[in-house]
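As annotated by TrEMBL, compositional bias 'Basic residues' applies to 350-364. Per TrEMBL, the feature domain 'Palmitoyltransferase DHHC' maps to 125-244. Taken from TrEMBL, the feature region 'Disordered' covers 345-364. Taken from TrEMBL, the feature transmembrane segment applies to 21-47, 67-90, 171-195, 207-227.
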Amino acid sequence: MAISEDGKKRLDRKVNQVSAVLLPLLEVGGIAYTSYVLVYLVCVQYLMKPSPGFGLEARNATGVTLIVIYCVILLGFAVTFLRLLQVIWVDPGLVSRGDPASEKKTAPMDYFDRFEAYICDHEGYPTWCWDCHNWKPDRAHHSSQLNRCVKRMDHFCPYAGGMIAERSHKFFVQFCFYGFLYTGYVLIVMAVFLAERAEKLDSTPGTWVAATALGGIFFLFAFGMFCTTCYNMALNYTTIEALQRDGTYNIAVLKTAAPSATIASAGKANIVYEFERPPLRSYVVLETERGQNPWDRGALRNVKDIMGESVWHWFSWKMSPCTAHNDPRGEYIWGPAVSRLIEEHGAASARRRRRRGSRRSSEA
Ligand SMILES: [Zn+2]
């Protein structure tokens with residue numbers, strides 16, 4: 001029996017949802033197994049209480065120190081993982097659905113009226129989601145796994161338990177950081193004592209080899225993920241935006257919300273369209289240069305927008321500053337390139353032009 005397109009989507013969604021529960025459970029199982037091998041078999045049995053047949057001296061200080069460091073890193077990892085799961089399950093940044101009867105050409109656009117600029121198509125419409133029947137805020141994408149649009153969507157990560165987006169991104173970075181710290185520590189401790197045991201006792205127990213291999217594989221994975229995530233974060237790209245980094249953006253810039261203003265931007269660079277939205281608003285649609293990221297404000301500022309203002313915040317449970325949405329100029333704070341365009345074409349520039357015009361007429 002053939003499965004319909006909708007059926008395939010539903011099946012796909014189910015598979016993703018199940019893997020986002022199963023993989024974290026498997027990870028917890030892996031951590032429990034590694035803890036048993038590293039803490040009990042290596043630290044307690046091999047270092048602190050070696051069998052008399054081994055002919056080795058007890059190394060209590062080494063064993064205790066290794067266990068304490070292991071517990072501290074594991075605690076950081078576990079707490080971070082719980083916070084990440086909590087945000088992913090409660091709300092990673094979901095956009096509300098629209099009325100199923102609403103259409104792109106007639107749907108109200110009040111949401112965008114509070115901004116001086118927003119991402120749009122070549123006619124000045126914000127991006128429409130045909131599945132959610134609603135506008136997509138800047139940087140939002142439709143997730144086929146959640147069947148919802150998600151703000152500043154990055155990717156769906158079944159290893160982390162679900163959607164990495166505006167609200168969960170910071171905790172995902174923390175999760176990757178503790179993940180590579182934890183797996184790196186396991187890898188080093190296991191590799192050192194496995195090599196020592198092989199040399200002194202000519203034995204390599206399967207449990208030790210398995211824990212070393214697990215540490216190695218997941219270290220490579222977590223470290224790679226951490227580096228990629230930090231690199232994109234420093235450039236202020238989501239994973240989706242990084243894949244489309246050579247493209248351009250159309251940005252609708254509010255010229256004025258006053259009825260009498262004249263439109264005087266013809267002939268300026270980057271303009272693809274001009275339009276008015278009754279009763280009062282007039283806009284100019286500008287195209288960014290190829291490869292220009294509208295939200296890039298410099299590496300440190302970009303990192304702080306996600307992680308927090310101070311290093312203390314980077315490790316805390318506090319939400320990312322970018323979730324505050326308190327800038328009247330846009331959904332997210334624009335980078336200097338777009339700020340210049342707003343200055344040049346937007347309402348402030350129209351007010352300056354009007355002031356200059358009225359000065360000239362009063363002098364005449
Ligand atoms: Zn959607």
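Cβ from N, Cα, C; glycine included.
Note: TrEMBL annotation is automatic and uncurated.
Given the structure is predicted, the values throughout are model-derived calculations rather than measurements.
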Outside the transmembrane segment (207-227), six or more residues from its ends: residues with CB under 8 Å to it: 30, 33-34, 37-38, 41-42, 173, 176-177, 179-180, 182-184, 186-187, 190-191, 193-194, 197
Residues in the domain 'Palmitoyltransferase DHHC' (125-244) grouped by DSSP into helix, strand and remaining coil: 66 helix, 16 strand, 38 coil
